[in-house]
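Peer 1: Pulled from TrEMBL, these are the listed features:
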{"type": "BINDING", "residues": "C:99, C:200", "note": "heme b b562 binding site"}
{"type": "BINDING", "residues": "C:113, C:214", "note": "heme b b566 binding site"}
{"type": "BINDING", "residues": "C:219", "note": "ubiquinone binding site"}
{"type": "DOMAIN", "residues": "C:15-227", "note": "domain 'Cytochrome b/b6 N-terminal region profile'"}
{"type": "DOMAIN", "residues": "C:230-406", "note": "domain 'Cytochrome b/b6 C-terminal region profile'"}
{"type": "TRANSMEM", "residues": "C:45-73", "note": "transmembrane segment"}
{"type": "TRANSMEM", "residues": "C:93-118", "note": "transmembrane segment"}
{"type": "TRANSMEM", "residues": "C:130-151", "note": "transmembrane segment"}
{"type": "TRANSMEM", "residues": "C:157-175", "note": "transmembrane segment"}
{"type": "TRANSMEM", "residues": "C:196-217", "note": "transmembrane segment"}
{"type": "TRANSMEM", "residues": "C:250-271", "note": "transmembrane segment"}
{"type": "TRANSMEM", "residues": "C:315-333", "note": "transmembrane segment"}
{"type": "TRANSMEM", "residues": "C:345-366", "note": "transmembrane segment"}
{"type": "TRANSMEM", "residues": "C:372-395", "note": "transmembrane segment"}
């Protein structure tokens, strides 16, 4: 029966066996080196296996969405699609703008003014992603006759997040205001979303 | 008796297979003797591609971006009239040295618009190409392609270099290989006359090709970089370009390969050392 | 299981001791591929190929699972989804080329492994079950490889599916119905592609399961060795770890180097250009061939060109499947008491001829079916069957083997190293090879 301290089996003669005990360092050095090298190799190989799940080049290249504003009356909103996500484009009424401006920043969970969330000279055009910042449902309020919640903006039916007329979070579990993507006005009645 | 047969079953089965093969062999040999295979015109006059050397050849090759851009120009001005490039997106052209602004301009000015849907009526519509778009198809579908091309479908060119034996050399030979049908061929195979509507080309497998010669005169394309646009040059350039379209990531692949091989050589050295050390006292 | 002198698992680490008491998985690994498995000390590099086959399967499963995240088994988009992987997915070209090249590497390794078994008589008692399970793995591999080749939905994929399912139509009466059932239609299409994808994903895990049985069955008698003489005592063996883990490390390194050279510098060399043309049900490529690892079997199929009682087509299909199924009977066809061909001077000549014969069959199977190739194929196919069914049983009964060494250690000490297929006969009496 072999024992633990007799891990290396004897050769045909005992002499070389003893030698291994005398000189263990060189063996360890090479074995550890080889195993470490294999570990590094496995780590490097893991990178492409992980990275393949990131968005592919065609997804990253998904480009811009052009929105025509001419048919959106004040008080109305449309839902369109930007990079496979819903995009709310709202034409605010003067009353809604006034409501938004009246809220002190200290009352807000994610303090931002309506000016910061719109483009200069186009304060009535509120363009946000229609993705609740809580867990990603599409809030109600963009469609005609939908529940806009007590703050007159958007209301997310999944977990009850309520947004005001500037699409800022006011009540409920969502941590952030509805996200404003990069966009620019190409004319008074059209915007290009996806380019700053 | 049964047990005897079972005992020698393997010999029986072996003999049966061998016997049937012998009959088959007899048939093949007598067929060969009585009806020796005739070489057809396609076997006798078919030519292997002429050798072609590109900068991208071999494991240490590189892309010659000037040449790829010239090749793209040939594709754009000549081939793209009939052949699509559907696996390539305009954005990919940054890989042959165009800037993003240039790519955007190329996409917008591309002669075939991108199919889309009219957002008011829902009717099929078209819009200008964007960098994120793939090159639009030349023909909406196979039937349209056949109708416009005398019943032959011009194949997509994205993968042509990988989809043909001989690759880029084949494409170069084919484009420059048109010639009158040799009198010798007609003498030997009177029925093999190139049918009307087809074109004789010895590099094509059946010798007769539906595609008319695409490059017919020097200077058909005006190069911006001053390279003399001979037929041979244009054809080489477009073959280089199609080598790139077949696998735009080829150079990344080679570079990754150098690192992998170097790593493995060191790894083999280390493990071999460890192996020799561990075994040094055990005769085996 | 294993020898009485095998090392016992004695975990020093308290966590491992705790785990070993509750779930003796570390012990299992230790006894299977660790220091607890005593292995003959004289194994040569041919014995690396079992581990390499396991590595190849692991590579195929890992890359395959990842590719399945991007591949779409829909006949309208399958081809494009593969090109999407090649062009747009991060490192997609690497994953797909690794999977495609990996299939070839797997077969190269397994063919070597099988030839090792043939040469050293690894199929003989008491290891018949190891061999039988190995043949099952080989059959599963062939099915998996075939279905995987259909998935890119190129011209060769499509016509491969058409031709291979056509084998089943050779069965009398019900053949055509079986073919239609397999395809879910009259020609390969959406239904066939989708089920092939499902099975291509499933079968590798079945293979992994049979491999566990294969290793289990191997551990009952323990590994064979180049002399074919059974282990007699402790001096004949070394523990698997670190001795053979180190040697396998070298083997894996060389394997990966060859793999990398093909993958990074000639990934399409082993493929066929026509598979970069999308499937077209209306036009067969001029010269269709299966992947290289099927060429010998394809040559056997094509060699049967004459009707004799049964139609030629049925003979071809029977012979092709038969050429693999024969391997199941090998342990009983070869009656020689000596395992290793090193000590079988006559048989090893015929085995050499068989190797050349299979290579010729491969060459014929990959070439066009001209009369010359057909004749060559017919002769080679006949030899293949005669070798296993006639020559091998007769030779094994009549041959006078060379004297065997008394033990592995004796062979090693006399310099009749397992690392070489040595011609030197060892003096002394002939020992009984099997216990």
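Note: Cβ is positioned from N, Cα and C throughout, glycine not excepted.
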Peer 1: Same-chain Cβ contacts of the transmembrane segment (C:196-217) under 8 Å, 6 or more residues past its ends?
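Peer 2: Those are 32, 54, 57, 60-61, 64, 68, 71, 73, 127, 129-130, 133-134, 136-137, 140-141, 143-144, 147-148, 150-151, 161, in sequence order.
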Peer 1: So if I measure Cβ to Cβ from residue C:99 (heme b b562 binding site) and keep only same-chain residues at least 6 apart in sequence, which ones fall under 8 Å?
Peer 2: C:60, C:63, C:64, C:67
Peer 1: Among the recorded stretches C:250-271, C:315-333, C:345-366, which has the greatest number of Cβ pairs closer than 8 Å to the transmembrane segment (C:372-395)?
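Peer 2: Stretch with maximum Cβ contacts: C:345-366.
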Peer 1: Sequence-remote contacts (6 or more beyond its ends) of the transmembrane segment (C:315-333), Cβ cut-off under 8 Å?
Peer 2: 118, 123-125, 128, 131-132, 135, 138-139, 142, 167, 170-171, 296-298, 300-304, 306, 308, 381, 384-385, 388-389, 392-393, 396
Peer 1: Determine, to the nearest whole angstrom, how far the Cα atom of residue C:200 (heme b b562 binding site) is from the Cα atom of residue C:214 (heme b b566 binding site).
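Peer 2: Their Cα atoms are separated by 21 Å.
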Peer 1: Could you pull out which residues elsewhere in the chain have a CB under 8 Å from any CB of the transmembrane segment (C:345-366), counting only those six or more residues past its ends?
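Peer 2: Non-local partners: 115, 118-119, 289-290, 292, 294-300, 302, 336, 373-374, 376-377, 380-381, 383-384, 387, 391-392, 395-396, 398-399, 401-402.
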Peer 1: Please compute the mean pLDDT of the model over the domain 'Cytochrome b/b6 C-terminal region profile' (C:230-406).
Peer 2: 95
Peer 1: Need the DSSP three-state call for residue C:214 (heme b b566 binding site) to compare against my parser.
Peer 2: helix
Peer 1: Within a 10 Å radius of its Cβ, which of these binding-site residues (C:113, C:200, C:214, C:219) has the fewest neighbouring Cβ atoms?
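Peer 2: Checked C:113, C:200, C:214, C:219; of these binding-site residues, fewest Cβ neighbours within 10 Å: C:219.
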Peer 1: Please report the distance from the Cα of the residue listed as 'ubiquinone binding site' to the Cα of residue C:113 (heme b b566 binding site), rounded to the nearest angstrom.
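Peer 2: Rounded to the nearest whole number, the Cα-Cα distance is 17 Å.
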